[in-house]
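Student: Structure provided below as structure tokens; questions to follow.
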Amino acid sequence: MAHNLKTIVPKLKYTAITIFVLLSLFLLHRESYNQMPVSKHIWAQTDWYSISLGFLRNDFNFFKPETYQLNLQFPSTMDDAVLSGITACDFPLIPYLSALVMRLTHISSPIIFRSISLLLSLIGLFFFYRTIFSNSKNMLISLSLTCFIAFQPIFTYYMNGFLPTFNSISFLLIGSFYFNKYLKKRTLSTFIIGTVFFSIAALIRFPFIVHNIAILCVTILVFLISKRFYAKEFLIGFSGLLIVLGYFLYNQHLAHAYGSLFLNHWLPVNSLGGFFKVIFLALKNHSYSFLPFPSLLIFSLIVYKSVKHVFPLKDYLSTKSLFAAFIVIDIIGISLYSILMQKQFVNHDYYLMDTFFIPVIFILLFFTKYITVQLTPAVRLLMLLYITSSLQIAFDSQRRLYDEHHMGYSSIKDDFEGSELLLDSLSIDNTKRILVLPTPRSPGLPFIFMNRKGYKTLNNSNTSINNIVQRNYDYLIFPNKQKKIIKHIYPSFKTDNSFIYSNGKLEIWSKKN
């Protein structure tokens, strides 16, 4: 009987923990399962959802991803003859898988993409939990640190979204599990699997290549110290790096030939004052979503304990020393990338996840691998308080972000929902090019609702409007309620176009030959 209890109790605990985490995540995302991109970075999220829908139209040509938007942002001056909607982008694995499921289920709504992203996030968190438990042998520590990741407001919000960063984080968490096993068993197979998942993460989001480089640097460091060269590990890691760089070069070819929706150049600041200003603004804008106070307090304590445990170094070739060296090299690489992209950090919180969130993960793994935590009643209580407080912060953040009226989504939905059927009824087929004015909060959303390709502006300046109306569009469409704005920004629209139809929400005009 006692033996049975020893077997049953851990299983019950594991089941209870699983139910708690899954139920919490279900409740956190209850407003968003079939929600169009909304709120934070609605623009970028719409672009990635559009790419997934594009695979349904281009016969699943993986290497020619396309979007509904014809005039791409980088550059914005390409000729109409070249513009087809094809865009350069990071390795579109998840959009492609989502499109396959859409084709199989005949459902193209956001629930497919969101469900796949959420499932991948849960798998990543599961492997993170396994890694922590493998190191600590303690369920409460493993649960607390898994919640530390899962309930960061920024992670919670995007984990079922459309941005590739969070898919990459999941693959990196899986790869970390196998690299952790490699440090214990030194089996080549675990190194290969870890490299595969790290490389997939870097393919999906190119800045993650920093972590592949850090692993190679550690193998070189071992050689420099001991003169022992781990040739197999180096060649495996180098092969993964070459694959990532190979796709990067192909992506540059796509950008040159067709253009890109996505930023493809550096954005550093140009002065020391600007450097500190960006840091201040980034901290001000993102301190609630990334490492809010309870998390920052816990993490600061973990960093202090970890640094204190590492120094002084006694054996430069010990697993502990090499793991610490990997983290330091990783932080250096991330810092260099962050300096090159610093302007993006002010308004783009997901750049924090591309960069400094990853060393947080590695430091947590280091902490549980080499430092024993005495689980006194006070520590247990602290962990439970942390879990509940971080969950509450995540709930508050989700409620605030998933307000449909936030960031103008509701207006776009009200105007363009049902527009595909409207255009079909007017015999405007889906090969016609649509010009949408004025600039909506998310330029890509109207085209998704219409299921047509077309042109958009990045802003309503005279220069932008004058350039866009010269494009080879077939129809001009704008919301009725914004007709005064149209008259102001495009005074000659009645001269250049012929009125076709209005349903009280949208006006449709045909371009005169």
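Even glycines carry a Cβ here, placed using N, Cα and C.
Automated prediction, rather than curation, is the source of TrEMBL annotations.
Pulled these from TrEMBL:
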type	residues	note
TRANSMEM	12-29	transmembrane segment
TRANSMEM	111-129	transmembrane segment
TRANSMEM	161-179	transmembrane segment
TRANSMEM	186-203	transmembrane segment
TRANSMEM	209-226	transmembrane segment
TRANSMEM	233-250	transmembrane segment
TRANSMEM	262-283	transmembrane segment
TRANSMEM	290-307	transmembrane segment
TRANSMEM	322-340	transmembrane segment
TRANSMEM	352-372	transmembrane segment
Student: Please work out whether the transmembrane segment (233-250) lies in contact with the transmembrane segment (209-226), by counting C-beta pairs under 8 angstroms that are 6 or more apart in sequence and asking whether there are at least 3.
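Tutor: The transmembrane segment (209-226) and the transmembrane segment (233-250): touching, yes.
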Student: Can you see whether the transmembrane segment (322-340) and the transmembrane segment (209-226) are touching - at least 3 CB pairs under 8 angstroms, only pairs 6 or more apart in sequence?
Tutor: yes
Student: Among 209-226, 262-283, 352-372, which stretch has the most Cβ pairs under 8 Å to the transmembrane segment (290-307)?
Tutor: 352-372
Student: Report, as numbers and ranges, which residues of the same chain sit near the transmembrane segment (262-283): CB under 8 Å and 6 or more residues beyond its ends.
Tutor: 44, 47, 73-74, 87-90, 252, 255, 339-346, 352
